[in-house]
Structures are given as structure tokens and as C-alpha cells.
Amino acid sequence: MSKTIFILNGPNLNLLGKRQPEIYGADTLADVETRCRALAESLGFAVEFFQSNHEGVIIDTIHRAREEAAAIVINPGAFTHTSVAILDALNAYDGLVFECHISNVHKREPFRHHSFVSARADGVMAGFGTEGYELCVRRACSLLSKA
Ligand code: CA2
């Protein structure tokens, strides 16, 4: 079985740590990548870390995960609330899926309360800041180590 976890990030998350720190915190996406990689490697797993502002690129990467990844941690950004296409791609993927939101989407505007991705996710994280990514990685490694 693959020992790789894909961590996928959707639109505007390249701005993490550069705008709106009151909502998303001060860490950059590069900081998140460094911490997730270190954690996964300490548990015997590898990480591929991606960000794209383009729905089709995210879908292509989920398709690639079908062959290359045992788990996906995904923060789909605003596509969470709009994208049946990302849900369809995740439904065609057999591994573990964890949905990760930095903010607590349920405490925010009503349009952020519904997620298409949650219908496929094995776990959902929201409101733990960027530490949520590491919690998802830890859970994925834990389940994969037992498999
Ligand atoms: O809380 C999350 O992680 C979100 O997935 C972030 C999305 C938002 O549309 C979701 O409702 C919740 C937005 C990502 C934008 O990220 C930025 C980060 C810093 C500055 C500006 C945007």
C-alpha cells in the first residue's frame, strides 16, 4: 500500500499568513507544509503538498491520488460549498479522505455551513486553525498504520 498522504489546498489558500490573520492565523502555507511533512515522516509516511486556485487542477490531482496516495487531506477552500465536481472526484477515490478547514465554518456565514465534500469525508476538521492539518495527518497515519 502507498505510504503517501496528499494534502490538497484550494483557492486563495496561497494567501495564508499574508491576509486576514484574524480569521486564518499568521502561519503561511509553507509553514503548514513543513510541519505536516515533519509529522508524517516521524510516523513513517510521506507527504505531497499542493495548492491550486483552479477546480480542474484539484480534480486532476485527486485522480492522481487514486494511484499514488493512501489518504487525502483536503481544504477545498470556497469550493467546499460549491463543487459537486470535487465531490465526484473524491467519490472515485478509494483511500481515506479528511476535510480540513482552518476556521470554524459553522460559526461563520450560513453559506459556509454546507459542504459537498463532507458527504465523502471520513473525518471533518473545522476551527482548529492550521493545527487542524496536523490533526488530520495524525489521524490518517494512525488508521493507515492499523490497516
Ligand atoms: O476555514 C477554511 O479553511 C476555509 O476552507 C477557507 C476558505 C473559505 O472559503 C471556507 O469557507 C473556509 C477561504 C480560503 C481563503 O484563504 C485565505 C487565507 C488568507 C487570506 C485570504 C484568504
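Every residue gets a Cβ built from N, Cα and C, even glycine.
Caution: TrEMBL annotation is automatic and unverified by curators.
Feature annotation from TrEMBL assigns active site, proton acceptor to TYR24. What TrEMBL lists as active site, proton donor is HIS101. Among the features that TrEMBL reports, substrate binding site is placed at ASN75, HIS81, ASP88, ILE102, SER103, ARG112. Per TrEMBL, site 'Transition state stabilizer' is recorded for ARG19.
Mapped onto this structure are the features recorded in TrEMBL.
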residue: ARG19; record: site 'Transition state stabilizer'; DSSP class: coil
residue: TYR24; record: active site, proton acceptor; DSSP class: helix
residue: ASN75; record: substrate binding site; DSSP class: strand
residue: HIS81; record: substrate binding site; DSSP class: helix
residue: ASP88; record: substrate binding site; DSSP class: helix
residue: HIS101; record: active site, proton donor; DSSP class: strand
residue: ARG112; record: substrate binding site; DSSP class: helix
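Sorting the binding-site residues ASN75, SER103 by the number of other Cβ atoms within 10 Å puts ASN75 first.
Neighbour counts of Cβ atoms within 10 Å were compared across the recorded positions ARG19, HIS81, HIS101; the minimum falls on ARG19. Cβ neighbours within 10 Å of ARG112 (substrate binding site), excluding its own Cβ and spanning all shown chains: 17. Between the C-alpha atoms of SER103 (substrate binding site) and TYR24 (active site, proton acceptor), the distance comes to 6 Å. Checking Cα-Cα distances from TYR24 (active site, proton acceptor) against the binding-site residues (ASN75, HIS81, ASP88, ILE102, ARG112) with a 10 Å cut-off leaves ILE102, in sequence order.
Note: the CA-CA distance between ARG112 (substrate binding site) and the residue listed as 'active site, proton donor' rounds to 11 Å. For ILE102 (substrate binding site), the same-chain residues lying six or more positions away in sequence with a CB closer than 8 A to its CB are LEU16, ILE23, TYR24, GLY25, ASN75, PHE128, GLY129, THR130, GLY132. Considering only the recorded positions HIS81, ASP88, HIS101, the residue whose Cα is spatially closest to the Cα of ARG19 (site 'Transition state stabilizer') is HIS101. Within 10 Å of the C-beta of ASP88 (substrate binding site) we count 13 further C-beta atoms, all protein chains included.
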